[in-house]
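Participant: Sharing the record's features from Swiss-Prot:
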| type | residues | note |
| --- | --- | --- |
| BINDING | GLU173, ARG219, HIS444, ARG485 | L-aspartate binding site |
| BINDING | ARG219, ASP220, GLU221, GLN228, GLU478, GLY530, LEU531, ASP532, ARG533 | ATP binding site |
| REGION | 197-200 | region 'Aspartate' |
Amino acid sequence: MYRTNTCGELRIVNENQEVILCGWVQKSRRMSGIVFVDLRDRYGITQLIFNKKVNLALYNKALELGREWVIQIEGKVVKRFNKNSDIPTGDIEIIVSRLRTLNPSEVPPFTIEENTDGGDDLRMKYRYLDLRRTLIRSNLELRHQMVFAIRNYLNSHEFMEVETPVLINSTPEGARDFIVPSRMNMGEFYSLPQSPQLFKQLLMIAGFDRYFQVVKCFRDEDLRTDRQPEFTQVDCEMSFVEQEDILSIFEGLTKHLFKTIKGLDISGFSRLSYADAIRFYGSDKPDIRFGMQLVEIKDITIGRGFDVFDESEYVGAICAEGCAFYTRKQLDELTDFVKHPQIGAAGLIYVRYSFDGSLKSSVDKFYSTVDLQKWIDRVGAKQGDLVLILYGEKRETQKQLSRLRLEMGSRLGLRDKKQFGCLWVIDFPLFEYDNVLNRFFAKHHPFTSPKQEDVCLLETNPEFVRANAFDMVINGIEIGGGSIRIHNYELQKKIFALLGFSESYTQSQFGFFVDAFKYGAPPHGGIALGLDRFVATFAGLDSIRDCIAFPKNNSGRDTMVGAPSIISRERLSELNLIVEGWQ
């Protein structure tokens, strides 16, 4: 037997018991003829005692131990003299009677502690060492608990887990596919799925009325802190449902997770139309933990000789409560923030509403106190508040104000990661128009159904058609999205035509799918939740990388295994491939 207990298990009730433990040496220290060793495993840390006066040979062996050595010990549980309230085992320690080295270790390239000295690149290269850190390990434990709870919840609601193919055909729209050459079919390729969308709809047509899958998906796109080339979805589909049925089930799932994982009772989700989300927050994934909504004020700014406002399509403001004290330096920092190329605002205008009732603005030259008071009244500012104003093309300025709003929310401590604001964003547009390519694109995907009352607009004003689509947003993060699907053959063909797909193209790409509609497709809809983002939100993480065991870096590389890598000419030849420009 290698061990009788784990390093996080023993308590004062185990006093005087003989135990066997295994684990890694976290650290050791020598003091007055005693060697103290912190032994760590997945479950916690237990302190070991090697007393020189009791057993000199054992004491000398303990002196040889280095960080991350793997050892086995036998000993007696005793009450700890200097208790450590920071760890669950802090009331006890082990007086060691036997020590066995299972494997020595080289000196790790960084300290394996919560506050490590290892940079991102180094920790990614030695990810198996980084995973020993309590912080990363606890994130993966949280992930496991969430997946387990999700499966239990969906199973209790009659969902069936069904696996769908990983090697599929490439389809248009969305991000780029990862392509896999077929050795047995020269010149032909598979792609890795961006989602199981078509297959889960086919399962509905097949009669599996409640499906789910915790599934790997792949997108060859530029990476950010909330994106990875391979990611995990909780993918679900239901037959004979309307939008409200789906929202109810998955709002229930989210409440179940908050209750079982975090012990929190979450009230009902807010509902916000896409149009109102953009109008009041400048974003289709607003953080509703705090107010500071966008207010349009252009109509009360024009005609005063300030061309910047007069010539702008949109002038919008937010009110930062209690920020009238902001200094010139702080205002300059905000100006630099909004003018950063990633945001791209032309400038920042402010109105300071002091506690004495006086008004001060960066455009005093053009606007009277009466004018400024109208702005103050419009945004609902109080004495002591600061009004921040941006201007320009409407949609771009709303996006810029959204970024400024989030920045102010962070500065004012309004985005507490222990607080949660959950909502559904609904009534998305069905299409987006690309002015460069002169064509419509699906806002979500081509299989989303239009709202019944807007179907008549498909022929005349498709840009105004709303979709039976919805996104789940928590703390300004899009956790997932879904829709009611098209289940009518003729309507699906019409949507493809509006997207510019010819009949021959539609048949070659989606023939198998639309043909299935001819054989009794039920009304159906579904949702896909991003598991990585879900876990990161629960854990309060800024990046999803810290809740994925073996993530890629921002260049899409796994520096630990060296992927992607060059393959030999022989293997390329087997696949009938030639890499252009390869010397």
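Each Cβ is built from the backbone N, Cα and C atoms, and glycine gets one as well.
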Participant: Apart from its near flanks, which chain residues at least 6 from the ends of the region 'Aspartate' (197-200) lie with a Cβ under 8 angstroms of it?
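Facilitator: Distant contacts of the region 'Aspartate' (197-200): 164-165, 168, 171, 211, 213, 235-237, 445, 447, 510, 513, 526.
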Participant: By CA-CA distance, flag whichever of ARG219, HIS444, ARG485 among the binding-site residues is nearest to GLU478 (ATP binding site).
Facilitator: HIS444
Participant: What three-state class does DSSP give LEU531 (ATP binding site)?
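Facilitator: It is helical.
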Participant: Around ARG485 (L-aspartate binding site), which residues of its chain at least 6 apart sit with Cβ under 8 Å of its Cβ?
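Facilitator: ARG485 (L-aspartate binding site) has long-range Cβ partners GLN201, MET204, PHE447, THR448, SER449, HIS524, GLY525, GLY526.
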Participant: Taking the Cβ of ARG533 (ATP binding site) as reference, which residues of that chain separated by at least 6 in sequence fall under 8 Å from it?
Facilitator: ASP226, ILE477, GLU478, ILE479, ILE544
Participant: Tell me the Cβ neighbour count for LEU531 (ATP binding site), meaning other Cβ atoms within 10 Å of its Cβ, over all protein chains shown.
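Facilitator: For LEU531 (ATP binding site), the count of other Cβ atoms within 10 Å is 24.
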Participant: Checking the spread of the ATP site as listed (ARG219, ASP220, GLU221, GLN228, GLU478, GLY530, LEU531, ASP532, ARG533): what is the longest Cα-Cα distance, in whole Å?
Facilitator: 19
Participant: According to DSSP, folded down to helix, strand and coil, what is GLU478 (ATP binding site)?
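Facilitator: In three-state terms, GLU478 (ATP binding site) counts as strand.
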Participant: Within the region 'Aspartate' (197-200), what mean pLDDT does the predicted structure show?
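Facilitator: Here the mean pLDDT over the region 'Aspartate' (197-200) amounts to 97.
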Participant: Determine the minimum-neighbour residue: among GLU221, GLU478, listed as binding-site residues, which Cβ has the fewest other Cβ atoms within 10 angstroms?
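Facilitator: Least crowded of the binding-site residues GLU221, GLU478, by Cβ count within 10 Å, is GLU221.
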Participant: Rounded to a whole number, how many Å is the Cα of HIS444 (L-aspartate binding site) away from the Cα of GLU221 (ATP binding site)?
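Facilitator: Cα-Cα distance, HIS444 (L-aspartate binding site) to GLU221 (ATP binding site): 16 Å.
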Participant: Validating a neighbour-count step here. Other CB atoms within 10 A of the CB of ARG219 (L-aspartate binding site): how many?
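Facilitator: I get 20 for this one.
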Participant: How would DSSP class HIS444 (L-aspartate binding site) in three states?
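Facilitator: It is coil.
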Participant: Could you give me three numbers for the region 'Aspartate' (197-200), the DSSP helix, strand and coil residue counts?
Facilitator: 4 helix, 0 strand, 0 coil
Participant: In angstrom units, rounded to an integer, how far apart are the Cα atoms of ARG219 (L-aspartate binding site) and LEU531 (ATP binding site)?
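Facilitator: Each residue's Cα considered, ARG219 (L-aspartate binding site) and LEU531 (ATP binding site) end up 15 Å apart.
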